[in-house]
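Trainee: Not my notes, these are from Swiss-Prot:
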type	residues	note
REGION	19-38	region 'Disordered'
COMPBIAS	69-80	compositional bias 'Basic and acidic residues'
REGION	69-245	region 'Disordered'
MOD_RES	82	phosphoserine
COMPBIAS	89-102	compositional bias 'Basic residues'
COMPBIAS	103-119	compositional bias 'Low complexity'
COMPBIAS	128-140	compositional bias 'Basic residues'
COMPBIAS	165-176	compositional bias 'Basic and acidic residues'
MOD_RES	190	phosphoserine
MOD_RES	191	phosphoserine
MOD_RES	193	phosphoserine
MOD_RES	195	phosphoserine
COMPBIAS	209-219	compositional bias 'Basic and acidic residues'
COMPBIAS	220-237	compositional bias 'Basic residues'
């Protein structure tokens with residue numbers, strides 16, 4: 001049995017393309033583009049001049065548009081100017097009205113100022129007359145005022161004494177309260193100490209009772225052992241007496 005031949009023939013693509021020959025192109029080639037017909041310099045100049053001149057129809061259209069635009073601008077300007085004039089007139093009217101109102105207010109304020117000044121002068125005169133009357137009454141009542149001053153001083157002294165007494169009484173009360181608080185604070189401590197001593201006594205009693213119980217249990221155990229031993233002795237004696245005859 002021989003091996004199968006898996007080899008494949010190698011085909012050179014470049015050689016295959018050469019053997020096929022030149023490809024038929026459907027469109028224009030590069031050479032056709034390079035060999036295209038070109039205009040002369042004179043023809044180019046003529047075209048540029050035509051572009052600069054432009055068409056007559058376009059020029060007429062542009063002129064009409066410019067005229068219409070100019071008319072619209074003029075109308076808009078007229079409207080704005082008329083609006084500005086009307087606003088300026090309104091402002092002038094307002095200013096005039098303000099001036100008139102200011103004149104009326106100034107006249108009214110001047111009248112009010114004059115009336116207020118007259119009222120102020122009258123009030124000052126009244127105050128001066130009152131002061132004079134007070135001075136005269138003070139001169140006449142000077143001895144009475146001295147007596148009243150002495151009475152007021154004595155009253156003030158008695159009030160001060162009362163205040164000092166009240167303060168001392170309050171201090172005493174506060175001290176007594178503080179002492180009572182201390183006593184109440186110390187009392188629970190003493191009760192605690194008493195409770196501790198009571199606890200010690202209770203524990204000692206418990207220990208004693210426990211010891212007594214242990215003693216009683218020991219005694220009972222000894223008695224039981226003694227009874228058992230005596231019973232055994234009696235049994236032995238009975239058995240020995242029965243065996244002897």
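Cβ atoms here come from the backbone N, Cα and C positions, even for glycine.
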Trainee: When DSSP states are grouped into helix, strand and coil, how many residues of the compositional bias 'Basic residues' (220-237) land in each?
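Mentor: DSSP composition of the compositional bias 'Basic residues' (220-237): 18 helix, 0 strand, 0 coil.
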Trainee: Can you tell me which parts of the same chain pack against the compositional bias 'Basic residues' (89-102), counting only residues 6+ beyond its ends and a CB-CB cutoff under 8 A?
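Mentor: The answer is none.
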Trainee: For residue 82 (phosphoserine), write down the residues of its own chain that are at least 6 apart in sequence and whose Cβ falls under 8 Å from its Cβ; none is a fine answer.
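Mentor: Listed in sequence order: nothing, so none.
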Trainee: According to DSSP, does residue 82 (phosphoserine) fall in a helix, a strand, or coil?
Mentor: helix
Trainee: For the compositional bias 'Basic and acidic residues' (209-219), what does DSSP give as the number of helix, strand and coil residues?
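Mentor: The compositional bias 'Basic and acidic residues' (209-219) comes out at 11 helix, 0 strand, 0 coil.
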